[in-house]
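These notes are about the structure you will find just below.
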Amino acid sequence: FYLLLLCKNEKGREEIKMKLESVVVSAAINFGLAIFILSLFALLKKQPFYAPIYYARRFYLGHRNVPDSDHRSFSFRRLLPEIDWIFRAVRVTEEEILQNCGLDVLVFVRLFKFGIRFFLVCSIVGLLVLLPLNYTGSNGPNTSSHSMDAFTISNISRGSDRLWVHFSFLCFVSCYGMYLLYKEYNDIFIKRIQQICNRRCEPEQFTILVREIPFCNEHNIRGCNVDHFFSKHHPYSYQSFEILYDGKHLDKLLCQAKSLTKKIEDLRHLSALKKHSRYDAKIEQLEDMLQTLGREIRRVQCRMTIEQKELPVAFVTFSSRWGTVLAAQSQQHTNPLLWITEMAPEPRDVIWQNLAIQYRHLPLYRIVILVAASLLTIFFVLPVTAVQGIAKYERLKKWFPPAMAVDLIPGLRSIVTGYLPSAILNGFIYIVPFAMIGLARLAGYISRSKKDLNACNMVFYFLVGNVFFLSLLSGSLLDQLGESFSHPKDIPNRLASAVSSQADFFVTYILTNGLAGFSLEILQPGLLLWDTLKFYTWDRGKKKHPYVYSLPYYRIVPFVALCMLIGIVYAVVSPLLLPFLVGYFLLGYAVFINQIEDVYITTYETCGLYWPYIHHYIIVAIILMQVTMIGLFGLKAKPSASFSVIPLMVITILFNEYCKIRFLPTFNQVSVQDAKNNDDLDKKDRLEEENVRKALDAYSPPCLRPLDLGLEGTSSTKPFLSPT
């Protein structure tokens, strides 16, 4: 309604109304879906039957104060949707998140807060200054074929001095973004140091990972060589070591044992449910098989058997953090490919099977994964181009004449061109994070955190290449190439409107990704259907267990970063897009605070290592915005403004380099000063021996740990080996 009031006459109102019809229809559909899905979630969340889905974290951690637990007896209140989860999410403080979930989760939440603060200020300035300026920039009524061109920079006349206002806003957006980035980086930098200090009892602070361990010439094994090497070169801090073994055969036996245990439990449950004794013979047979398998596991765990399969990898424990840091961050041998050291990941974060991959083969693994990710990106060119073909209805009618039948049904064209392209695109790219995490799993990373970080990077650049650049090119330039070659003098004008002409598509994309995407995230329809199917089929009558999952950073962070990139690039070009970003981040913040509180658990803690990646994504967006404006100012016959952007870009790059020098080393390494200060705190609190003792027992390989197979009175569950 506000946009219609801006039109100068009735003809202009009708013109802009028709142009905005697709965007309005898409917004209406997305708002309707979001209200329906959120209402359904608010209703199902109150049902005790679905508590293992919507309160999984609380059940897993043993919290008794599960919200709405007083509704276990039927009442009509359970049939009324409530929005208490929104108010509960708003009341959560950063200190509570840091204490209960860790710094990684807080960094994730700060990403949404950054988006809210940044786009709220930019929206206010853009709507009050640039929007009226853009609309009144043309000498006559706007007759552009694109719905939002009247409110974008493309409506400004060539050579107009009004473009200096856009340049000023560009400087404001860039400087305000860098100010917020520095403030966030510095704050998270301080919190990281504090978090490491608060986690002084964690075993990874006393342990390093050593790879490429050579054989001992005297005994022809690697274990004694580790002890000799570190006793000689780190005599004052070296404590002990845990050599790793090739336990593939043992892992298979353990999987078989778990499978047999599961079958026995299912048969016992079935026997108790149907009150039949015909399953007793089968249960006894499986128990005998399990006992035999337990004895085989015992035999394989014997030292004389397993020592033949030593890996050139060991976890080495030190008596102080100072000694640990010195050993992890220094070259141990003249040959840099021997005795390679690094800080050990958390015990729960280790991917044990990847430690068997030789260190020298890792670059080959990474190259293969990079090629596979590139091929996946190229493969997705086809669906993205097809989506843009649907969005450009006039072009679609030329390519596919039966599509003209859409005009026969009133309103259907707006749905097809407005909502359908963004919905199809979101559906296609939904599988991308899962494909990328699968590729990252094959890349040989030793920890889940590194695997997730690598998947984050691959998904982000995939989205930037396919969703942003390819949508821009296929939707705005390829359909004009023929006319551009016929009229070369018009190329600058066509290129100038290329970016702004896709503003309406990106509005619908953000609406679909935000309203529908965040709503489906909190409802979890896939898990809901799976749980219902299990309950009424093979798990009928069994006690329900919570569905516990970790926060999928690799699936959420890249999509949020992409929407932030779109908003930053279009901040000067089309300020009408900015309010949609504010709503996007507000809804995302409320949804994920609820998920963090009630659903997702913390499976590893990197102490804020995600923020340097997020910082990089935002810097890429700011530079991309500046490059875009250099081209647009040039195409608008304002070369002086284009040249003026170059110093701003240089400042942005220098700012990024300063942040790398100032903050990044502390995220990649631990300073000797911090390590020594934490050691002094341990001495003061008399926690030295206790912390080292925890570290000695923390890195025992899973294949050598005690496994309860339900064989009481036997020794098959006791491993022969114990940590060295």
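Glycine too: its Cβ is placed from the backbone N, Cα and C atoms.
Curation plays no part in TrEMBL annotations; they are all automatic predictions.
The annotation coiled coil is assigned in TrEMBL to 250-303.
The compositional bias 'Polar residues' annotation in TrEMBL covers 713-724.
Annotation source TrEMBL lists domain 'CSC1/OSCA1-like N-terminal transmembrane' at 23-184.
Across the domain 'CSC1/OSCA1-like cytosolic' (205-354), mean pLDDT in this model comes to 82. Positions annotated as domain 'CSC1/OSCA1-like cytosolic' by TrEMBL: 205-354.
Per TrEMBL, the feature domain 'CSC1/OSCA1-like 7TM region' maps to 366-633.
For 700-724, the entry in TrEMBL reads region 'Disordered'.
Among the features that TrEMBL reports, transmembrane segment is placed at 23-44 (among others).
Residues 6, 142, 150-153, 155-156, 162, 165-166, 169, 172-173, 176-177, 180, 184, 560, 564, 567, 571-572, 575-576, 578-579, 581-582, 584-586, 588-589, 618 of the same chain lie 6+ residues outside the transmembrane segment (114-135) yet bring a C-beta within less than 8 angstroms of a C-beta in it. For 114-135 (among others), the entry in TrEMBL reads transmembrane segment.
Residues or ranges marked as transmembrane segment by TrEMBL: 163-182 (among others). Within its own chain, the transmembrane segment (163-182) has Cβ neighbours under 8 Å at 114, 117-118, 121-122, 125-126, 129-130, 133, 153, 156, 568, 571-572, 615, 618-619, 622, 625-626, 629, 633, 636, 638, 641, 644-645, 648, 651-652, 655, 659, counting only residues six or more beyond its boundaries.
Taken from TrEMBL, the feature transmembrane segment applies to 367-391 (among others).
Here the transmembrane segment (427-446) has long-range neighbours at 209, 345, 350-351, 354-355, 357, 361-362, 365-366, 369, 372-373, 376, 380, 383-384, 387, 452, 454-455, 458-459, 462-463, 466-467, 552, 554-555, 558, meaning same-chain residues at least 6 beyond its ends whose C-beta is under 8 angstroms from one of its own. Here TrEMBL flags 427-446 (among others) as transmembrane segment.
The transmembrane segment annotation in TrEMBL covers 458-478 (among others).
Taking Cβ pairs closer than 8 Å, the transmembrane segment (506-530) reaches residues 22-23, 26-27, 30-31, 33-34, 37-38, 40-41, 44, 50, 53-54, 148, 418-419, 421-423, 425-426, 467, 471, 547, 556, 559, 563, 566-567, 570, 576-577, 580-581, 583-584, 587-588, 591-592, 594-595, 599 in its own chain, all 6 or more past its ends. As annotated by TrEMBL, transmembrane segment applies to 506-530 (among others).
Annotated transmembrane segment per TrEMBL: 551-570 (among others), in sequence order. Long-range contacts of the transmembrane segment (551-570) within the same chain, counting only residues at least 6 positions beyond its ends with a Cβ under 8 Å from a Cβ of the stretch, are 104-105, 108, 111-112, 115, 118-119, 173, 177, 433-434, 436-437, 440, 452-453, 455-456, 459-460, 462-464, 467-468, 499, 503, 506, 509-510, 513-514, 517, 521, 577-578, 581, 584-585, 588, 592, 595-596, 600, 602, 610, 613-614, 617-618, 620-622, 624-625, 628.
Taken from TrEMBL, the feature transmembrane segment covers 576-593 (among others).
Under 8 Å from some Cβ of the transmembrane segment (614-635) lie the Cβ atoms of residues 107, 111, 114, 153, 163, 166-167, 170, 173-174, 177-178, 181, 184-185, 460, 464, 492-493, 495-496, 499, 557, 561, 564-565, 568-569, 571-573, 641-642, 645-646, 648-649, 652-653, 656, 659, all in the same chain and six or more residues away from its ends. Residues or ranges marked as transmembrane segment in TrEMBL: 614-635 (among others).
As a summary of secondary structure, the domain 'CSC1/OSCA1-like cytosolic' (205-354) carries 82 helix, 27 strand, 41 coil according to DSSP.
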